[in-house]
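Report on the following structure.
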Amino acid sequence: MSNLYYGSRNTSLDNCTNADDLVKRYYLPTMYSLIFIVGVVGNITALLVYMVKVRPWKSSTIIMVNLIITDLLFMICLPFLTYYYVLDDSWTLGNIMCRFTRFIFHFNLYGSILFLTCMAIFRYVAVVHPSHGHSIKQKRWGTLACVLCWAVVVAEISPVFNYFDIVENNNKTYCLDLASNNPEIVWPYSWVLTVVGYLVPLVVVCVCYWRIMKELKEGPHMGSTKRVRARRLIVLILTCFIVCFFPFHVLRALRIYTNRTPENNCMLDRCVHAAYIISRPIAVLNIIFNLPLYTLSGDCFKQGFVEMFKCDLLKSNTKGVIKMAVISKPATNITYEQSS
């Protein structure tokens with residue numbers, strides 16, 4: 001890409017805000033650092049629980065493990081993005097690393113959307129069609145669903161790899177994201193991503209939510225713990241779709257649109273850009289929202305988590321008791337000798 005659409009265009013900056021620069025410099029490194037810390041600790045812990053404690057594996061287990069892997073892939077790239085914004089938009093890691101980092105951001109985003117959609121569908125089948133509930137829990141269905149998710153997200157995101165590039169401007173090297181590239185090229189593709197990668201899964205999740213709520217209201221399951229857990233699970237998934245993913249897709253479209261209309265003033269362009277920047281960490285906050293999903297997935301994650309850390313705590317307490325006994329024993333003897 002030969003043109004730079006990062007920040008404002010060739011417009012007078014006399015009365016123009018620099019809100020987008022401030023957001024990039026302070027907000028993005030802070031948010032990405034927090035997401036990295038919580039995401040790494042939470043997802044590695046969850047993966048260990050699944051690998052060590054959760055038995056037997058079911059379809060929901062396989063989907064959750066794949067969701068964790070998707071999140072951990074993004075965790076690999078977050079330090080590079082944080083470093084880039086700490087350096088005030090100065091990319092020093094080369095073109096390939098720029099493309100890879102931006103690619104993984106979108107891969108995590110749309111991979112998470114598909115895996116969460118699969119969870120909603122599987123929960124819908126288990127609640128609304130209980131006669132198929134045992135079958136849908138079999139590992140082969142989870143494996144098939146994950147293979148399809150990986151294939152679809154690769155097909156969706158593969159073209160985006162060619163849209164990322166580094167551009168030198170004002171003695172700085174920028175690593176452009178999708179919305180900051182040539183708007184005439186990325187505008188149609190961004191809509192394909194929005195419709196196929198977000199809106200269609202959103203409709204599927206909403207339908208699953210509606211049918212599950214209807215079944216729980218009309219069916220004889222109101223007192224069932226599993227049904228309550230199913231309701232909480234689908235509500236949490238829908239919350240991720242609305243709170244995390246919706247603002248990002250709306251503001252990305254606005255960002256590209258303002259780049260396509262040069263008659264926009266600098267103030268509008270900068271404000272839209274700042275809002276879009278704010279939406280990017282929010283889009284990956286689903287990494288944190290995913291953590292409560294593991295306890296609601298119905299595959300004994302909570303029990304495995306408690307057993308793992310209860311065992312560690314028990315070992316720690318046992319060592320403490322032994323240590324206290326060793327220390328206190330000589331003290332007892334000394335007291336005895338002094339009193340005799």
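Cβ atoms here come from the backbone N, Cα and C positions, even for glycine.
Nobody curates TrEMBL annotations by hand; they come from automatic prediction.
Source: prediction; values computed, not measured.
The transmembrane segment annotation in TrEMBL covers 31-52, 64-87, 107-129, 141-164, 189-212, 233-254, 274-294. What TrEMBL records for 42-294 is domain 'G-protein coupled receptors family 1 profile'.
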With CB pairs under 8 Å as the measure, which of the listed stretches 64-87, 107-129, 189-212, 233-254, 274-294 comes out on top against the transmembrane segment (31-52)?
64-87
With contact taken as 3 or more Cβ pairs under 8 angstroms (pairs 6 or more apart in sequence), are the transmembrane segment (233-254) and the transmembrane segment (107-129) in contact?
yes
Which bits of the chain, at least 6 residues beyond where the transmembrane segment (189-212) starts or stops, bring a Cβ under 8 A of a Cβ in it?
106, 109-110, 113-114, 116-117, 120-121, 123-124, 127-128, 153, 156, 159-160, 163, 178-179, 230-231, 234-235, 237-238, 241, 245, 249, 252-253, 256
Could you tell me the mean pLDDT over the domain 'G-protein coupled receptors family 1 profile' (42-294), as a whole number?
88
Under an 8 Å Cβ to Cβ limit, what residues of the same chain, 6 or more beyond the ends of the transmembrane segment (64-87), are close to it?
24-25, 28-29, 32-33, 35-36, 39-40, 43-44, 46-47, 50, 93, 97, 100-101, 104-105, 107-108, 111-112, 115-116, 119, 146, 149-150, 175, 284, 287, 290, 293-294, 297, 299, 301
